[in-house]
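Take a look at the structure set out below.
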Amino acid sequence: MASFPDCVNENDLDKAKFVGELLVPVAPFDQKSGREAWTVAFAPNGSYFAWSQGHRIVRLIPWNKCLKSFSLSAGEEGTNPTSPRHLSRQNSDGGVTIPLADEPREHTIDCGDIVWGLAFGSSVPEKQSRCVNIEWHRFKFGQDQLLLATGLNNGRIKIWDVYSGKLLLNLMDHTDVVRDLTFAPDGSLMLVSASRDKTLRVWDLKDDGNMVKVLRGHQNWVHCSSFSPDSSILCSVGAGKAVLIWNMDKYTLIRKLEGHHNDVVSCEFSPDGALLATASYDTRVIVWDHHKGTILLELGHLFPPPSPIFAGGANDRWVRSVSFCPDGRHIASITDDRFVRFWSIEEKAPQAIASLSNGLCCAFSAEGSVLAAGTRDGSVHFWEAPRSIASLQHMCRMALRRLLTTQQVEALAIPTPLQDYLTYKVV
C-alpha cells in the first residue's frame, strides 16, 4: 500500500524547506519511555516557543532566538529578530511592573512529572471573570501577563509565569493523565483540559484557577480539544471515533460528528472558524463544516483507502497531529509513515512533504511561516510552510466567515456559486 495516490509521484512533490531543529542531549540510559515531545506550542504574540522535551522538562525559548539561529531571513515572523524586544510583566500579586532585559529569557522548567499538554494563555484585562464573586482575587493578571499551562501524567495542571518561570497555580481535580490543554483565544484566561479520565474541565484563571464546569460526553479517553477563534465553540476528540462540538456559553453538547473509523487524536479550527480539521488513526484527516456536521474534504494518508474495518485497527499510517495554518489555506499533518505533509484546502494531494521519523505533534508559528514538529526522542524539527499569496476573494471569505455561520450564509440572497464559495463547498 502507498502513502500517496497513484496519480501522485512522490518524487514530483515539493520538498518542504528544513529550517532547523532543537535537539535534546541523549545518554544511553535515556533510551526509554518518557522522552517523548508530546506537545509543542507557540505563544499567541509570537514571543516564545515551548516544548515538552521529555523526563518532566519543558523548555521555554524566545522565538526570536530560534529565528536568529535558523535559516529564515529577518522579519519573516512579522518581527525583526535583530531588533531588541522590551518585555515587561506585572507581578501576579498586582505589584509594580518590572522591566526585563532587552531579550526575553529562556527557561527550563521541571514540572515534576511527564508532561503531556502545553498551552499559552494571555490576558485581556477588560475580559472579566465569569465568576459572580470577583471582589477579591489572589492573582491580578495584567496586560503583559503571559502564562503557560502544563498538563501532567498525574492528573495535575501547573500554571507558570512565562517571563519569570515562576509557578503560579497548581490545579488538581483530574484523576488521570491530562492529555491536552487549550486556552480560550479571547483573553478571558478560560482554560479547558482534556483527560484520560473521560472528562473535559473548564478552569477560570481570572478566578484564581477555580473550576467552572465538568464536560461529560466522552465514553473513553479524551485526546485533544480546541476552541473556535471567537471562543464560543469547543471541539473535543478522543478514543472510540469521538468528535464532539460544545457550546461554551452554555457548556452544552451541540452535536457529535460521525465519519471517523478509529480513535481521533487531534483537532483544530480554521482561523475564520468556518472549518474544523480532525486527525485520526483511521489514516485520514477530515475537514468538516462543523456548523452542519458535514464532511467537506478528506485527506488520505494510505492508498487505496482502507476499509472501515481495517481503518479501525492497527496500521502504519496513524495520523498523530493536524494543524491549521493562520493563512486559512493550508493544513499540516504528522503521520506514522515518517512524513510531514503540507496540504492546500483546494487539493486532495499534498502540496509539499518532508521526512520525519517518529513524529508526534505539530503546530504553526503565530504568523504561519514555520511549522514545528515534536518527536519521540524529545527533539523538535522546523520547516518553512508553503508560501503563496492569498487571493482577495479568500481574504474576503475569511473576514465574512468570522462573523457568519454556514446557516447564516445560506440565508443570504446571493447567487449559488458565491454561496458555495463562502461555505467552502467550492474552494
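Here the Cβ of each residue, glycine as well, is placed from N, Cα and C on the backbone.
TrEMBL annotations: computationally assigned, not manually curated.
Lifted from TrEMBL, the feature list:
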{"type": "DOMAIN", "residues": "386-427", "note": "domain 'SOCS box'"}
{"type": "REPEAT", "residues": "141-170", "note": "repeat 'WD'"}
{"type": "REPEAT", "residues": "171-213", "note": "repeat 'WD'"}
{"type": "REPEAT", "residues": "215-256", "note": "repeat 'WD'"}
{"type": "REPEAT", "residues": "257-298", "note": "repeat 'WD'"}
{"type": "REPEAT", "residues": "319-353", "note": "repeat 'WD'"}
{"type": "REPEAT", "residues": "363-384", "note": "repeat 'WD'"}
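Helix, strand and coil residue tallies for the domain 'SOCS box' (386-427), in that order: 22 helix, 0 strand, 20 coil [DSSP]. Here the repeat 'WD' (319-353) has long-range neighbours at 3-5, 7-8, 10, 13-16, 265-272, 275, 277-281, 283-285, 287, 297-302, 359-364, 366-368, 371, 373, 383, 385-386, 388, 390, 394, 398, 424, 427, meaning same-chain residues at least 6 beyond its ends whose C-beta is under 8 angstroms from one of its own. Non-local neighbours of the repeat 'WD' (363-384) in the same chain are 16-24, 26, 35-46, 49, 51-55, 63, 66, 70, 72, 76-78, 321, 323-327, 330, 332, 334, 340, 342, 354, 356-357; each lies 6+ residues outside the stretch with a CB under 8 Å from one of its CB atoms. In the predicted model, the repeat 'WD' (319-353) shows an average pLDDT of 96.
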